[in-house]
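These notes are about the structure you will find just below.
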Amino acid sequence: MSEKMVAIMKTKPGYGAELVEVDVPKPGPGEVLIKVLATSICGTDLHIYEWNEWAQSRIKPPQIMGHEVAGEVVEIGPGVEGIEVGDYVSVETHIVCGKCYACRRGQYHVCQNTKIFGVDTDGVFAEYAVVPAQNIWKNPKSIPPEYATLQEPLGNAVDTVLAGPISGKSVLITGAGPLGLLGIAVAKASGAYPVIVSEPSDFRRELAKKVGADYVINPFEEDVVKEVMDITDGNGVDVFLEFSGAPKALEQGLQAVTPAGRVSLLGLYPGKVTIDFNNLIIFKALTIYGITGRHLWETWYTVSRLLQSGKLNLDPIITHKYKGFDKYEEAFELMRAGKTGKVVFMLK
């Protein structure tokens, strides 16, 4: 193994990132070193690249970016048990304390002292990465790296879609970005019908149809609530899944969901949102779930089994694959323009 590696690094505050050569890190106690086989770009990585207000408050350059990964364990630090060199793995990004009130109740996904791998630590946009052993997930060999790297965001989609009954339910999904597209795949694999998708981008509406959406709506040109009511014989959808983070989409979805329906919210909003709580939530007796992270480790088992079932239609979602990191700037600019689904760097 070489002593040097290439990595995409946020070297300083400001727009962009740099491809640099750095030392291969060494795993410390309770850590493992993985060789990266595939890694994918998340919206969080784009925020760091663009250096938005959140990134400015959270990221401390110089730092290697990236957190979605499939890799192979190549070295084990002191005190690590249950993991071996050669294991094919992915990484849960929430580094939890195990001691706070939430953790002691088994609610690790809302740990009060969470650190995020690849946000608060160096990440996986590199040939090698050091990972806390407690965050390692072992993959079946049958799952290819370009799918295995998607398990972390797939976990977000699974928790959103499967927060309540979904088989045989009518569903409205607002937002067909990468997470929304994964939500479509999970909903279809889980027996939802019809799956209706509201998305303003022509490119993403086409992707939504390829993934399996039964109906697509352009919210800039069509009345979303009217279209949903027409499709559902005036009843509204059983389940509303909000992936966009757009306040208008939230309002439309709450109007379009049937009384006593279920709502799952994953999209993050730009600020405070004004909602008619009385008429859109209370009098409709809606059940609402806020979604963050993934349930450790229940969601990972669900994601892995869905992948092994072969029922998830992920190929249309992976719109761009790059061999190595050389074209990382092109990849990020395409994502900024909304011209991608998931972008994967292949290092195998």
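For all residues, glycine too, the Cβ spot is worked out from N, Cα and C.
Summarising the annotation, Swiss-Prot assigns active site, charge relay system to T44 (among others) and lists a curator's inference as the type of evidence. Cβ neighbour count for T44 (active site, charge relay system) (all protein chains, 10 Å cutoff from its Cβ): 22.
Within the same chain, the residues at least 6 positions away from H47 (active site, charge relay system) whose Cβ sits under 8 Å from its Cβ are W54, A55, listed in sequence order. The active site, charge relay system feature in Swiss-Prot is assigned to H47 (among others); the stated evidence is a curator's inference.
The Zn(2+) 1 binding site annotation in Swiss-Prot covers C42, H67, E68 and rests on experimental evidence. Take the CB of H67 (Zn(2+) 1 binding site) and look out to 10 A: across all protein chains shown you find 24 other CB atoms.
Under the DSSP three-state reduction, C97 (Zn(2+) 2 binding site) is assigned to coil, being neither helix nor strand. Summarising the environment of C97 (Zn(2+) 2 binding site), the number of other Cβ atoms within 10 Å of its Cβ, over all protein chains shown, is 14. Residues or ranges marked as Zn(2+) 2 binding site by Swiss-Prot: C97, C100, C103, C111.
The NAD(+) binding site feature in Swiss-Prot is assigned to L179, E199, R204, L266, G267, L268, I291, T292; the stated evidence is experimental evidence. Residues within less than 8 Å, Cβ to Cβ, of R204 (NAD(+) binding site) and separated from it by at least 6 positions along the same chain comprise A176, G177, G180, L181, G338, G341.
Between the C-alpha atoms of L268 (NAD(+) binding site) and T44 (active site, charge relay system), the distance comes to 12 Å. Annotation: C42 carries the greatest number of neighbouring Cβ atoms among the binding-site residues C42, C100, C103, C111, L179 [cut-off 10 Å, Cβ to Cβ]. You'll find the Cα of T44 (active site, charge relay system) roughly 14 Å from the Cα of L266 (NAD(+) binding site).
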